[in-house]
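Quick look at what TrEMBL annotates:
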ACT_SITE  CYS2  active site, for GATase activity
DOMAIN    2-220  domain 'Glutamine amidotransferase type-2'
BINDING   ASP106  L-glutamine binding site
BINDING   ILE302, SER375, GLY376  ATP binding site
SITE      ASP377  site 'Important for beta-aspartyl-AMP intermediate formation'
Amino acid sequence: MCGIAGFLADPSRRASVDQLKSTAHAMDVSLEHRGPDDHGIWLDAEAGVALVHRRLSIVDLSPAGHQPMHSADGRFVIVYNGEVYSHLPIRAEIEATGHRFRGHSDTEVLIESFARFGIRATVDRLIGMFAIAIWDKQQRTLTLIRDRLGIKPIYWAKIGGLFMFGSELKALRQHPGWTPRIEPAAVASFMRYNYIPAPHTIYRDVYKLEPGTILTLEFGREPRTEKFWDARQVALGGLRNPLTGDEASLVEQLETLLVDAVRKRTMADVPLGAFLSGGIDSATVVALMKAANVGPVKTFSIGFDEKAFNEAPHAAAIAKHLGTDHTELIVTSRQALEVVPKLSEIFDEPFADSSQIPTYLVSAMTRKYVTVALSGDGGDELFSGYNRYQLTRHSWRMLSLVPAPLRKAVAAGLTSVSSERWNAIFDYLPEHSYPRLPGDKIHKFANVLGLNDADELYRRLISHWDPGNIAPGVAEARGVLWDSSVRADFPNLLDRMQFLDSVTYLPDDILTKVDRASMAVALEVRVPLLDHRVVEMAWRLPHSVKIRRGVSKWLLRQVLYRHVPRNLIERPKMGFSVPLSEWLRGPLRQWAENLLSEKRLRETELFDVALIRRHWAEHLSRERNWQYPLWDVLMFEAWRERWG
């Protein structure tokens, strides 16, 4: 895992060698946290090109793994972030031609494969996570490549005759040609989703390279992109060619593939472990690490001193059953709150998934013991794990039978009781008979009662603000979530929701959060459930083995039950959350008050300030729980204070 950056300048506006070196050095320094072990810069002053690399050494710790790296024939130069788990068979294929490698890094295999087989033929061979930049000296062509699922990031911008790219926006900011302008449409989208959907970024004319995409830039031409792996076509292909066979054979097929995916991700020349939250996905990964006989397994979890948010006892029970070397950290509110001032530096684009806090904390704790950690991210999207999948389907089935006026009257009644009061009412019921924070869910349900169709319901469930309310007059950046052709391609609602989550929420929220939080402490996180072969299989699974009699991730559970008893797994889904609502009323109140001042909120001339201030007052008085919409505004304002 590393950091990459670079630029290609218009030859007619070429800077001096010293200027090029200075800019490249500044980009290098900005990404030091991603790769503290080594760094390198390659320049071609005549072509106006620079490639920058920060290295976190994982495979081949010797100088032979140093980047930027040149192909043996001298034609190509590469900088690369990620890991390719299929490099050994590719290496053997190249060695069969008589080539002798200098070291055993996957980077060297990549560059020699590009030189021999070409770019497209090489990426089709890759299993892994990667963000790659290649300079072809002969053709004077720069190529960027992002992995299929978007595990590793690449940002890029073309401003006049200048093209630049980087693993994080802070690298692009170092170039003297950087002219940042906040994009209002991106702000509106951020307020809806708590992240900015690709290809957009917070800045005008700056973009995220989308997953599964190759970008090619030649002098004097506009960048052109092509998909080498299209999530939509993969999904549709899987649905058209479903797996057959009985349930036992499906369980066997899935476990066999998952064990291989896990085993591939344990290749490293440094200490390795795994996150263990106590949930199904991380427990499956750890169980299969044991099944793959990869040696002693180290596991890591954190918990909170607030009981309702503490999964640590569940994780410890699973670790004990599996016999892992388990490390646990119980975080106090004070420790967690110390992370908040760091967030705008770690996430240099507005980002407001509050699980960013525990993700950073578990990463920081894990990095004290290992350099690589496996995680269970991706299980919900692949195997129908989110509560909203069942809620949307069942709710709309019932709602559509009730006249709209009656639905709206019921909604008014439900919201007349504060979410905190609902929580208190549910406290009289047995602890495991209702989800955590039921009041929030009741209010969210009430907000959707007046909608017109299931797609509106799904969008409402994934929305924090209605951009038309918080940013009146600003048109949000509408992408695939509003594309009517998705409904035509995926007539089944469950398929449609899973597809949309896999191309938006997964790369732009979940994987962004994990990358930034882990790389801030130089920890490499690997995600075996997002091996593209697992994704392709998941799309071929019938609905009956994804959700059965109200049980989500049914098939994945059957794999896990082979290794862990049901009683250690079966309980309401918690998620990786924090007591944000109370923090905002207590220890974070003054910090929030400063960021939500009328004077400050009026500076961007984007927001309905009175609406935000009303939400803040209602939250403080416990009339409503607006923790998530308020966190969006707070994270935007904290980002603007640091970067705006």
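Cβ coordinates come from backbone N, Cα and C, glycine included.
Nobody curates TrEMBL annotations by hand; they come from automatic prediction.
Sequence features annotated in TrEMBL and their locations in the structure.
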residue	record	DSSP class
CYS2	active site, for GATase activity	strand
ASP106	L-glutamine binding site	helix
ILE302	ATP binding site	strand
SER375	ATP binding site	coil
Distance [Cα-Cα, Å, rounded] between GLY376 (ATP binding site) and the residue listed as 'L-glutamine binding site': 24
Cβ-Cβ distance under 8 Å to ASP106 (L-glutamine binding site), same chain, at least six residues away: VAL59, GLU83, VAL84, HIS87, GLY128
Whole-number Å value for how far CYS2 (active site, for GATase activity) lies from ASP377 (site 'Important for beta-aspartyl-AMP intermediate formation') (Cα to Cα): 20
CYS2 (active site, for GATase activity) and SER375 (ATP binding site), Cα-Cα, nearest whole angstrom: 18
For ILE302 (ATP binding site): intrachain residues, at least 6 apart, with Cβ closer than 8 Å: ALA312, GLU328, LEU329, ILE330, VAL331, PRO358, LEU361, VAL362, MET365
Max CA-CA distance, Å, over listed ATP-binding residues ILE302, SER375, GLY376: 15
Cβ-Cβ neighbours of ASP377 (site 'Important for beta-aspartyl-AMP intermediate formation') (radius 10 Å): 25
Count of other CB atoms lying within 10 Å of the CB belonging to GLY376 (ATP binding site): 23
Around the Cβ of SER375 (ATP binding site), the count of other Cβ atoms that are within 10 Å: 27
